[in-house]
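*Asks:* Feature list, courtesy of Swiss-Prot:
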BINDING   65, 94, 123, 162, 184, 185, 186, 225, 226, 227, 228, 264, 291  substrate binding site
BINDING   268, 332  Zn(2+) binding site
BINDING   408, 411, 415  [4Fe-4S] cluster binding site
């Protein structure tokens, strides 16, 4: 039984109770949202995960991507990244490793943190195919499903699977006139497979079998957007929307099977198209939780893409995106460092909080109100406690202190709050 099955049957699970308490939402309302597929709870039955709820009426959640590459394989470094992501408030981590012993790396990360862990199984499939047959495109159906089942048994909580890439969508891509083609790595693996073998995507062709595997372990499927645009110039084009229509159909099949699902989205979107993208997804995918990468709102800021993504993420969250995948300062440039991971998580947490405030979330507003009173009362310890980055706030205040203990060194004796307070005492 999955969380969705239980919810449909009127059963309130321990995981639902935990999420309801965290989110301060009525448990019966939460159960109904899960039954409809509007909320998912990330929690594999085989792993001792702290369950996380994502979707309608809940706070906007944040994911951090980590993982090795063929050029940089350091398990201890990835463990540190996972821990720093968890420390600064990431709600989930995805292990996107492509270098080294992927099973060993994945298990080490899963042991290091309690938050949900996601993967993109096709990466391991491609790596194994290359090692066994010489090329990624020589992967086969049997290998794909063996890897997916193995990861499900290991305890992976959610998986990105690019089931919406089809022979038809690849043909439409060819005619699209895109500048950048396919920029999703998993999407590229499957597009190349279709083009080379002239066969349908096995994940689409055997979707019911895939759902049977995921259902057994209550793995949430994150329907990947392999046709997402890789630049603003390609945004919201026919190839992207073709895939989204297919994903909407697959959402309905997930719900019929009782498998929890969410849908992934772009990517690179100009600000004036963010609302359009969110509304399209929510309509076509029947209010399935929406998981967006950023989105980045300008392509000319390499080194600062945590900022471009936070701008887009705040707007996307406000318009209805439920899950924001962070972007680090090193995006498009190199593998992220520990500091990059920290900066990416913090920037995206800021975006999520801004979105939740705009949506009127009670928990978000409680924090804002507490901070207002802490500043009014010159309660610096409370301000540090409420800060998204507590250490940085404390460090910056201590670097250039004020002679006036209650004030900061921007105003010192001329602190506006103190001045009016003194006059008010007369």
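Placement of Cβ uses the backbone N, Cα and C atoms for every residue, glycine included.
Describe the structural context of these features.
*Replies:* Sequence-distant contacts of residue 123 (substrate binding site), defined by Cβ-Cβ distance under 8 angstroms and a gap of at least six in the same chain, are 96, 97, 98, 102, 185, 186, 189. Classification of residue 123 (substrate binding site) by DSSP places it within a helix.
Taking all protein chains in view, 25 other C-beta atoms sit within 10 angstroms of the C-beta of residue 268 (Zn(2+) binding site).
The DSSP secondary structure for residue 415 ([4Fe-4S] cluster binding site) is coil.
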*Asks:* Where does residue 186 (substrate binding site) sit in DSSP terms: helix, strand, or coil?
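*Replies:* Residue 186 (substrate binding site) sits in a helix per DSSP.
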*Asks:* Rounded to a whole angstrom, what is the C-alpha distance between residue 228 (substrate binding site) and residue 268 (Zn(2+) binding site)?
*Replies:* 8
*Asks:* Between any two of 65, 94, 123, 162, 184, 185, 186, 225, 226, 227, 228, 264, 291, the residues recorded as binding substrate, what is the biggest Cα to Cα distance in Å?
*Replies:* 20
*Asks:* For residue 408 ([4Fe-4S] cluster binding site), which of the three DSSP-derived states applies: helix, strand, or coil?
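*Replies:* DSSP assigns residue 408 ([4Fe-4S] cluster binding site) to coil.
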*Asks:* Can you tell which of the binding-site residues (186, 226) has the fewest other C-beta atoms within 10 angstroms of its C-beta?
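*Replies:* With the binding-site residues 186, 226, fewest surrounding Cβ atoms within 10 Å: 186.
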